[in-house]
Amino acid sequence: MQGGPSYFTNRISTARNIPIYKIMYLFPLIIVAVICNCIHSSNCGTISSELLSKLRNGQKVDAILELPSVFGKVMSNPALKFLTGADKANMMETLMKQSTSASQAPFMAAINRLGISDSATPFWISNDISLTNINLGAIQSLGALPGVFNLREQFVAKLDPVVRGNRVSRATFNETIQKYPHWGVDKIQAPAAWSRTKGENVLVAIIDSGVYMEHEALRDGYTGKWLDATSDASTTPIDPNGHGTHALGTILGRTNNIGVAPRAKWIACRAMTQHGGGLESWIKTCGQWVYQQRPGVVSNSWSIANGGTSTSFDDVIKSWRAIGIIPVFASGNSGDNCGSARYPGNHPDVISVGSTRRDDGISSFSGRGPSPKGLIKPQIAAPGEFIVSADNTDPKGYKNLSGTSMACPHGAGVVALLLLANPSWKYDDVLQALIRTAERPPITKECVSSNTTSYPNNAYGNGRINAKRAVGL
């Protein structure tokens, strides 16, 4: 069960039949009774003290009601034993919906009684219910239900901070790359891999700030599949921020050689606003949608600030992996301290990408491992400084950005190349190819408190990716 910096256990069956106004009046006494009662029972819920503090101040919050994971139960179901491909994905979805619906039923019934069903969204890819703009009374009423659960504030996912450069028109593209050399795609030798594969028709998903669909580098690769999970709910692709457009251009842009896999196809889910933040519930909505589209690879240049030990998206990641979707994440821009790689980029089941400079040095901002479980993170590194890609304001415009957000799309693009060259490959095959063929620049120090200079390490992982070698050329 997910826990935060300070949670108190809330044994709610003792308060189940007390009117809310009395619960509020007696709240200090209830806490004591609850803790004592919970010591002798495992059937306990928890409410985040941070959540309660905000609610007591009169605020309304966006919350998550977390219930125990059903993923293990679903994966052990004999009905999945001999299924593959779409049949397995469909059966898994059915089983996840059945299991989460049964688990969530008492809470959804209470939500309906409280008259807040319009504010609630149940998920099936993770056993959670999101609650939007919720008040103290509703949280206390839900907290009064028996069962093992956790009520907390929603995490806010953020696009990693990036160094922003100047926008330029296509007419001045050549001038721009003289100042900011268009070096990333060439550095990883992607053009040399194109004689074998350009990622033709490999389906790539991106969860980000959206996509400027009209851009000349992106419009021909669009499949028509799009979801805006934010409150804007646009029915057509948009990107007021520009981050997603730039990232997607690096993966598969078709003009000026900005894309690693220029014949791949794209779908996109918008989970971030113009200001670069996105609610946990928006990300999970995108996670479910991506699962149903079954792309070969999903690119994620976002992270949870101060969420290094979170498990909030674990079941989303595991579900993707179970049906063959390869998740690629940025390691984050938290700098060179050991263990600075951010969640979910530090998760064991994702390909995490750090950032390199043009001279193959590791970027100072690139998040380092180890992960909270002691694993090497990132696993690979890729170009991430002054990367020129598609702009979101001009269909023939380009701009340069820096960050692991720019490195991650290089990694996702190479994955797309590999999936076309080797259609039967799964996550482990792809990761091993990236590891086996990576360049290994000299390293002086992996992170602040570690002088490791060997490979693998927690700066480059296993090295800087090489697309040509990875596809076997």
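Placed from the backbone N, Cα and C atoms, the Cβ positions cover glycine too.
With a cut-off of 8 Å between CB atoms and residues at least 6 apart in sequence, the same chain places Leu159, His243, Gly244, Ala247, Leu248, Ala268, Arg270, Ala271, Met272, Ser299, Asn300, Ser301, Trp302 near Asp208 (active site, charge relay system), listed in sequence order. Among the features that TrEMBL reports, active site, charge relay system is placed at Asp208 (among others).
His243 (active site, charge relay system) carries a helical DSSP state (H, G or I). According to TrEMBL, the active site, charge relay system annotation covers His243 (among others).
Its Cβ placed at the centre, Ser405 (active site, charge relay system) has 30 other Cβ atoms within 10 Å. Under the heading active site, charge relay system, TrEMBL lists Ser405 (among others).
Annotation comment: TrEMBL describes 199-463 as domain 'Peptidase S8/S53'.
If you look up TrEMBL, you'll see 352-375 marked as region 'Disordered'. Taking Cβ pairs closer than 8 Å, the region 'Disordered' (352-375) reaches residues 181, 183, 187, 308-309, 328-342, 345-346, 381-386, 402-404, 406-408, 410-411, 439, 441, 443, 446-447, 458-461, 464 in its own chain, all 6 or more past its ends.
Feature annotation from TrEMBL assigns transmembrane segment to 20-42.
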DSSP three-state assignment for Asp208 (active site, charge relay system): strand
Neighbouring C-beta atoms (10 Å sphere around the C-beta of His243 (active site, charge relay system)): 25
Summary of DSSP states over the region 'Disordered' (352-375), given as helix, strand and coil counts: 0 helix, 6 strand, 18 coil
